[in-house]
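Read the structure below first, then the notes.
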Amino acid sequence: MKKIAVLTSGGDAPGMNACIRAVVRTGIFHGMEMYGIMYGYDGMINGEIQRMESHAVSNIVQRGGTILKSARSEMFRTKEGRKKAYEQLQKHGIEGLVAIGGDGTFTGAKVFYEEYGIPTIGCPGTIDNDIFGTDFTIGFDTAINTALEAIDKIRDTAAAHDRIFFIEVMGRDSGYIAVECGLGGGAEMVMVPETKTTLNEVVEKLKGSRKTKTSSVIVVAEGDEEGSAAEIMEKVKHTINDDSKDFKVTTLGHIQRGGSPTGKDRMLASRCGMAAVEGLMNGQANCMAGIIHDEVVYTSFEDCITKSKPLNRDTLKLIEILSI
Ligand code: F6P
């Protein structure tokens with residue numbers, strides 16, 4: 001293999017740049033020609049493919065976002081789009097791919113590999129930490145630290161006014177961010193898509209904690225089955241029906257996706273990036289390079305996409321215990 005291209009796809013995550021840097025430099029170290037594809041699979045279809053020398057990735061290890069830009073490609077879901085993408089790779093002589101992203105990215109990579117056989121390895125880049133085959137995903141540690149900083153600030157003002165705050169964090173299908181932030185941020189409760197929490201339980205919890213506490217924080221993952229934090233707050237407020245209680249909502253939103261990656265994320269990104277390139281050199285394909293128990297592990301895209309990584313029940317229990 002002489003020519004490898006790298007792309008970032010789906011929601012960006014802090015540490016993607018550190019991963020791109022590791023992919024490009026590992027490839028160059030091993031004597032390969034490295035290429036960057038702009039805007040994920042859309043750029044592959046449109047031929048936005050450019051050579052990357054070592055200096056192209058200078059001074060990016062500390063930067064959030066992705067220098068290759070990212071997109072969620074609709075065209076790549078179609079046979080016609082993937083054919084165009086293949087033709088572009090052929091035109092540039094690309095023999096291997098590294099796809100940095102989440103399960104959507106890997107689903108696309110798997111279908112493409114099955115159709116055209118271009119060896120592809122993924123790196124787990126998503127703040128959601130919901131990928132099977134790796135203990136952590138690139139960007140998760142930064143995202144939770146960003147969210148925790150915000151939650152700490154909200155707690156200050158919540159305490160000053162004796163208020164009840166519902167704080168919405170990201171996680172359309174996964175509660176990893178909510179659970180880590182709920183524990184670290186001292187929340188009364190977390191609401192996540194993986195477990196059912198009824199509105200009645202929320203009301204009871206708040207009534208109970210008002211006996212000992214003057215302010216409360218509930219962390220809600222955006223994908224919770226009861227709705228958004230704003231919707232849940234309205235329903236709870238209506239049920240409690242007490243004008244002396246002051247309810248507020250804060251949606252943290254995309255600030256969780258930005259910012260300089262933490263040391264942990266830079267380390268994870270660099271290791272996965274190197275493992276992806278070396279995996280391709282050693283004949284691996286159609287899989288993701290992740291880290292489990294501090295060791296590089298290659299997991300098939302099939303498993304990454306179809307198997308779920310369950311939340312740690314002990315952590316959920318711990319939140320309950322520590323919030324009495
Ligand atoms: O998958 C990462 C993620 O940040 C999710 O937590 C969130 O639901 C989604 O992306 C938001 O995507 P977008 O930026 O396209 O609205």
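Placed from the backbone N, Cα and C atoms, the Cβ positions cover glycine too.
Predicted automatically and left uncurated, TrEMBL annotations should be read as such.
Binding of ATP is attributed by TrEMBL to Arg72, Ser73, Gly102, Asp103, Gly104, Thr105, and within the candidate set Gly11, Gly15, Gly171 the record adds Gly11 to that site. Just one of Arg51, Arg155, Arg172 is listed by TrEMBL for the same ADP site as Arg21, Ala22, Val23, Val24, Arg25, Gly186, Ala187, Glu188, Lys211, Lys213, Thr214, Ser215, and that one is Arg155. Close to ligand 1, meaning a Cβ under 6 Å from one of its atoms, are these of the recorded positions Gly11, Ser73, Gly104, Thr105, Asp128: Gly11, Asp128.
Taking CA atoms as the reference points, Asp103 (ATP binding site) and Asp128 (active site, proton acceptor) are 10 Å apart. The DSSP secondary structure for Gly11 (ATP binding site) is coil. Geometry remark: Gly102 (ATP binding site) versus Asp128 (active site, proton acceptor), CA distance 9 Å.
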